[in-house]
Amino acid sequence: MKKILLLSLLAISTLAQAQKLETNISVHDPVIIKQDSVYYIFCTGMGISVWSSTNMKEWKKEKPVFDKAPQWAVDAVPGFKGHVWAPDISFHNGMYYLYYAASAFGKNTSCIGLAVNKTLDPRSTNYKWTDLGKVIQSVPNRDMWNAIDPNLIVDENKTAWLDFGSFWDGIKLVKLDSSLQKVAQPEEWHSLASRPRSSAADSSAGDGAIEAPFIFKKGNYYYLFVSFDYCCRGPKSTYKMMVGRSEKITGPYLDKDNKDMALGGGSLLLQGDSNWYGVGHNAVATFDNKDYLIFHGYDAHDNGKPKLRIEELQWISDWPAVK
């Protein structure tokens with residue numbers, strides 16, 4: 001009887017742990033999507049971290065996308081052990097498309113991969129992530145760009161594009177084929193945004209600190225959001241979010257002063273303050289006719305720990321703003 005009681009208590013305790021809801025969660029590089037009545041966040045972490053919520057305030061930790069590192073990524077990126085960066089989630093043609101990056105910190109030995117699923121509900125019998133492998137790859141001393149921080153955007157002509165990039169020569173845009181798995185042929189590439197780069201070896205990231213692109217269509221414009229300066233330094237993080245806009249997805253993206261982001265332009269959207277050392281790596285999503293900015297900030301009241309932030313976006317004279 002005691003054994004049965006002990007097992008029952010253990011089961012109840014385990015269930016309570018599984019259903020534990022958290023606020024003020026620690027994340028890096030979050031993106032958000034909604035399926036039915038549930039919001040899902042995907043973010044940087046071992047195997048890609050996943051959280052779910054019914055109200056965007058209380059979150060439950062779900063199992064990661066991958067239980068082990070995709071073998072193709074291990075082969076392509078020396079030292080890669082499954083800590084997957086900066087995922088991007090979207091829904092197309094009845095499937096969820098999850099782009100992600102495998103890389104070595106400070107190097108452009110990097111790849112962007114793709115996994116798909118019919119559902120995001122881990123309790124569904126249809127729930128299964130299928131990894132489709134590499135989409136693009138950057139190689140040191142060959143490429144002056146870095147294949148991380150992917151973001152899929154489909155334009156008004158139903159053409160799919162992947163924007164991405166970090167440091168080096170900045171943010172790139174490449175056309176994908178109709179499968180969303182490969183670069184379209186003939187290849188079409190565009191440079192969207194960059195920052196001045198001091199003299200440095202091609203294999204070096206340099207000091208042109210720009211990354212984390214996200215393109216969002218609103219009205220007549222495509223808006224390119226990027227992050228300037230430095231993440232991942234706790235109290236010394238200087239991340240901030242910048243934005244420009246264009247009537248064409250391929251650019252040019254101009255800031256409020258009409259400076260091209262490809263030439264170092266960008267208008268400030270949000271930066272650190274007394275509560276947050278730095279803020280950045282954002283996505284934008286629309287729920288119930290409201291646009292939301294999702295990003296992480298380094299909490300000044302918790303030793304610079306990265307935390308999830310979600311703010312409603314306002315639009316003033318066709319420019320995004322945060323209250």
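Cβ atoms are placed via backbone N, Cα and C, with glycine included.
No curator has checked TrEMBL annotations; they are predicted automatically.
Quick caveat, the model's predicted, so the values are computed rather than measured.
According to TrEMBL:
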SIGNAL    1-18  signal peptide
ACT_SITE  Asp29  active site, proton acceptor
ACT_SITE  Glu211  active site, proton donor
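Geometry remark: Asp29 (active site, proton acceptor) versus Glu211 (active site, proton donor), CA distance 11 Å. Cβ environment of Glu211 (active site, proton donor): Asn146, Ile148, Asp149, Gly165, Ser166, Phe167, Ile171, Val226, Ser227, Cys231, His281 lie under 8 Å away, each six or more residues apart in the same chain. DSSP assigns the residue listed as 'active site, proton donor' to a strand.
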